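Features of the protein shown, as given by TrEMBL:
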type     : residues  : note
TRANSMEM : B:12-32   : transmembrane segment
TRANSMEM : B:64-86   : transmembrane segment
TRANSMEM : B:98-117  : transmembrane segment
TRANSMEM : B:155-177 : transmembrane segment
TRANSMEM : B:205-226 : transmembrane segment
TRANSMEM : B:283-306 : transmembrane segment
Amino acid sequence: MESAAVPAPSRVPASLRGILPVLIALPVLLLAEWALSDSPFAVYLLSVMGVNVILAVSLNIVNGMTGQFSIGHAGFMAVGAYLAGVTSLALKDVAISFLPVAVSDQVFLIVALLVAGLSAALAGFLVGLPSLRLRGDYLAIVTLGFGEIIRVAVTNTEAFGRALGLSGIPQTSSVAMVWFWVFLVVLVSRRIAGSSHGRSLWAIREDEVAAEAMGVNTTGYKVRAFVVSSFFAGVAGGLFAHFVPIINPGSFTFVKSMEVVVMVVLGGLGSTTGAIVSAMVLTLLPEGLRSAFSALAPEGNLAQQVDQIRMPVYGMLLVVLMLARPQGLFGTRELWEVVPRWLTRRRKGM
Amino acid sequence: MSQLIQHLINGIASGTIYALIALGYTMVYGVLKLINFAHGDVMMVGVYMGYATAFALGREARGSVGGVLLIFLVAMGGCALLGFLIERFAYRPLREKPRLTALITAIGISFTLSYGFQLDIGFLPGSAPRAFPQIIKPSQWFTLGDPEFPDVVLWNWQVISLMVAVALMMGLQYLVFRTRFGRAMRAVSFDHRVAALMGIPTDRVISVTFMIGSALAAGAGLLYAIKDTSVSPLMGLYVGLKAFVAAVIGGIGNVPGAMVGGLLLGLVEEFVVGYAASTWRDAVAFGFLILVLLVRPGGLFGRVAAEKV
């Protein structure tokens, strides 16, 4: 595998780094919200895509930057989805009187999402502290186990609707809200990658024993990365709970975790933009296939089978990808490091 | 008391099947240091091969010894071939790459097999579970209490699985420690590059190990199908995961460890289902695994190798 290219320090002045992206992002998001207000399918698709991007980028902090192979991300998503759902159901009939209803709804949504994120982060801390002592394959199987235990626990809890799931959660999520969190997770992930904290994570990824010998407190860094990652997985779950009609344990299985792992691996372990691009492509691909098939044969069952075909295709994609390009599409590089090089090479060739 | 005995019998019966599947995991891990996530799905394919053979043979042949042997032979042979193909085309090209890439490939193969078998195209069976034909006529070998409604029942297939499992384990132990091929296996496991320098055909040894592991999976899968009487394309995912858990509990790479881990897991699950809460069954296996790993990170019989820099 190519050695990790540790990101170069940003050229944007430090005083602007904190506030500038927010100032740019907010109007763009509100504009998108307004432009898409009359096409529910686009809103749904963009929301699903956003949730997947949040999941992939947050998992990339653990799997890509720290090199710890965790395959239980759906468990933390489930914690977030259910706790946000329960919070919203409890606050359903409450409104802040001096604010318009829409704004008050959004305030409560943010409260629910924070509950989701914090509870998932707590779960991540409890899981991470003991299990991050384990390495490689063992860590993978233990995180998988924790994901399954969370799912079974949810299935057996009366307050979470057992196997039937939660319904009637207010559908207050919106494109702007989902993509604002996408923006936040990307910001956090990039800032971590460039910080001294991030450099410790890259060091752990490259050689854990050497990092420990250089004085990096490996357990502390790994647990912190795990907690940040689970926080955003919980938020993604919370957002998910606020735009799907019903959440049930079937949405948070081992298979969902693997879908997120595929996104991270396809993009390249360690590349944030890689995770974003592959999460978007892998969300759009089945939807695009479904539309293509239903356009070809509106009555046939091919369109219904797209969902079934998706999983074997995921499997084949993983195998082919690992054989052809084990480092993922982007390796550890980001989009803006790959594209210029590719363009100049093409120009020289001509 | 009789309830306890019945739970013990059931626990040992399901434990032997976990143990048998775990043997395949342990062998492959021992030689390649690869978690073969696709093992459970190879097992599922084997069960479907046995299912097809049983139907091709017809009703009267199913109960006979020859028929049963033929079903087992076809399934085990077919899976050995499948295992060979998977190893040759998916794992061998990645042997010098980081181990994570092979792990992800294994997960990819697992998804391709389990979800591919759910499709409704051509000869593929579709996603609905199917009843597995009774290839061994169930009979009660031993009962306690009222003969009409006995408190404790020992079925013939439970004894047969236990005997098959113990025989296969002893055979494996013999193969690994008493034969030339076993010595080659251990050498490859220790360091496959040096083994190649010493004139051991590493590729062939790894291929054969894979084929034996896959054949074992098919055999264990058939025993599982006889016990469970239903087959579905997704059966491999969770049964495989649990068998893997059993292998890790015993100390992965260790043949008797896989056996003990499988039996322990079967017993723990059975007692939780019997005395505590049946809906928690799937969580118990993982909870038990995590407990064991926290106390003994290498499994019960495993040794933790010190990491060298």
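Quick reminder: no glycine exception, Cβ is built from N, Cα and C everywhere.
No curator has checked TrEMBL annotations; they are predicted automatically.
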For the transmembrane segment (B:12-32), out of B:64-86, B:98-117, B:155-177, B:205-226, most C-beta pairs under 8 A are with B:205-226
Counting only residues at least 6 beyond its ends, the same-chain positions whose CB falls under 8 A of a CB in the transmembrane segment (B:205-226) are 16-17, 20-21, 23-25, 27-28, 31-32, 36, 39-40, 42-47, 49-51, 71-72, 75-84, 86-88, 91-92, 132, 134-136, 157, 160-161, 164-165, 168, 175, 181, 184-185, 188, 192, 195, 235-236, 239, 243
Please report, as numbers and ranges, the same-chain residues at least 6 past the borders of the transmembrane segment (B:283-306) whose CB is under 8 Å from any CB of it. 241-242, 245, 248-254, 256-257, 260-261, 264-265, 268-269, 272
At a C-beta cut-off of under 8 Å, are there same-chain residues at least 6 beyond the transmembrane segment (B:98-117) that contact it? List them, or none. 32-38, 40-42, 44-45, 48, 86, 90-91, 124-125, 233-234, 236-237, 240
